[in-house]
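Features as listed in TrEMBL:
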type	residues	note
CARBOHYD	74	N-linked glycosylation site
BINDING	111, 112, 113, 114, 115, 142, 217, 218, 219, 220, 221	substrate binding site
DISULFID	184-198	disulfide bond
BINDING	249, 361	Mn(2+) binding site
DISULFID	271-274	disulfide bond
DISULFID	321-344	disulfide bond
DISULFID	326-431	disulfide bond
DISULFID	365-374	disulfide bond
């Protein structure tokens with residue numbers, strides 16, 4: 001009830017459209033069909049992810065699935081419809097307030113899951129950034145929550161767009177890409193899985209484990225978001241500027257927009273083959289004598305996966321590697337990119353990276369960290385102390401490249417190990433389908 005109320009308050013137009021279409025039929029299946037068809041447009045609506053696979057085992061499993069398919073509750077169908085409607089409408093908030101934004105000005109895309117306290121910190125840092133009124137800020141969500149929407153609604157300093165990953169666990173709680181009760185348990189040996197007849201018995205990962213939806217979702221969301229922003233957001237149809245990719249638990253310096261402008265100009269003049277501009281790595285290096293310096297290096301996922309800014313040209317090269325990205329057995333999007341740099345892209349990635357970071361990882365308890373308590377406030381204090389003590393170093397007049405790869409480069413860096421978690425053919429096919437959707 002609370003979430004439905006929140007929907008109706010924050011997105012009245014979409015909510016009314018879905019309510020109208022759902023009230024015209026009482027059957028939940030008919031509701032779903034009508035919800036998905038709500039927009040009066042020629043584009044085909046996003047279908048549920050029906051993944052075609054080969055193999056008798058899966059054909060048998062599919063026959064069985066027709067009989068035992070999990071029920072989908074009506075609220076979930078309503079949420080799917082609203083998410084589709086929002087992704088179609090693409091309503092940009094604060095557009096009238098910030099009319100001076102030019103079409104190629106910076107776009108900042110935040111991948112959001114469910115950490116509202118950290119998202120508040122990120123929004124606070126953006127609020128303090130000089131020039132923020134010129135950006136388009138896109139929040140890409142894989143979890144619907146009134147608390148998160150409240151944080152997003154507080155953004156009054158720039159244009160804002162919310163998009164929603166349409167195949168999240170929340171929208172498919174009892175079926176793929178969520179947790180289907182007929183899926184194989186993670187640690188069951190393949191021979192036992194085949195006897196059991198669970199759906200994905202033929203497709204364990206490189207380590208013999210079966211998929212876990214909570215780990216698969218992030219990579220799906222990352223690739224869907226990349227494509228949706230560059231190719232489906234109508235406001236960016238002719239965008240020739242940068243898109244900066246960040247996450248909900250990042251924190252930005254007040255001069256990050258200024259720095260990206262300088263880096264973009266420097267790239268044009270001195271590093272035309274730089275594929276990625278990075279706001280910094282994880283080393284909390286002192287600003288003293290570093291604030292106006294950048295390095296040109298081979299891109300490494302462990303160092304340069306935070307605050308990556310890319311052009312449409314770099315995006316086009318990436319999207320041509322869809323099959324390689326989507327079938328590589330690693331549930332981490334950044335390690336999958338690392339693999340692309342040596343296995344598919346025309347050449348390894350060159351990154352121009354700020355020596356003094358303009359981005360910080362405030363979230364000290366993400367997917368891989370098991371700290372009992374997350375302390376956003378202490379992280380905020382720590383980061384603000386670094387920025388305050390370096391205040392006079394921020395906003396450099398120009399930038400210098402201090403280290404540069406030799407012209408022929410040192411070669412790309414291959415991932416040192418596959419992490420697995422991405423062996424299921426359904427994940428591969430869903431991931432590959434995003435470029436065809438809508």
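Using N, Cα and C of the backbone, Cβ positions are placed for all residues, glycine too.
In terms of Cα spacing, the recorded positions 74, 198, 249, 326, 361, 431 that come within 10 Å of residue 219 (substrate binding site) are 326, 431.
Of all the disulfide-bonded residues listed here (274, 326), it is 326 whose C-beta has the fewest other C-beta atoms within 10 angstroms. For residue 361 (Mn(2+) binding site) paired with residue 271 (disulfide bond), the C-alpha to C-alpha distance reads 27 Å. Here the CA atom of residue 184 (disulfide bond) lies 32 Å from the CA atom of residue 344 (disulfide bond). Ranked by Cβ neighbours within 10 A across all protein chains shown, the disulfide-bonded residues 198, 271, 321, 344, 431 are led by 431. Among the recorded positions 74, 111, 217, the residue whose Cβ has the fewest other Cβ atoms within 10 Å is 74. Residue 221 (substrate binding site) is 12 Å away from residue 326 (disulfide bond) when you measure Cα to Cα.
Around residue 221 (substrate binding site), the same-chain residues at least 6 positions away in sequence with a Cβ under 8 Å from its Cβ are 111, 140, 142, 165, 168. Other Cβ atoms within 10 Å of the Cβ of residue 249 (Mn(2+) binding site), summed over all protein chains shown, number 24.
Just so you know, the Cβ of residue 219 (substrate binding site) picks up 23 other Cβ atoms within 10 Å once every protein chain is counted. If you measure from the Cα atom of residue 198 (disulfide bond) to that of residue 113 (substrate binding site), you get 29 Å.
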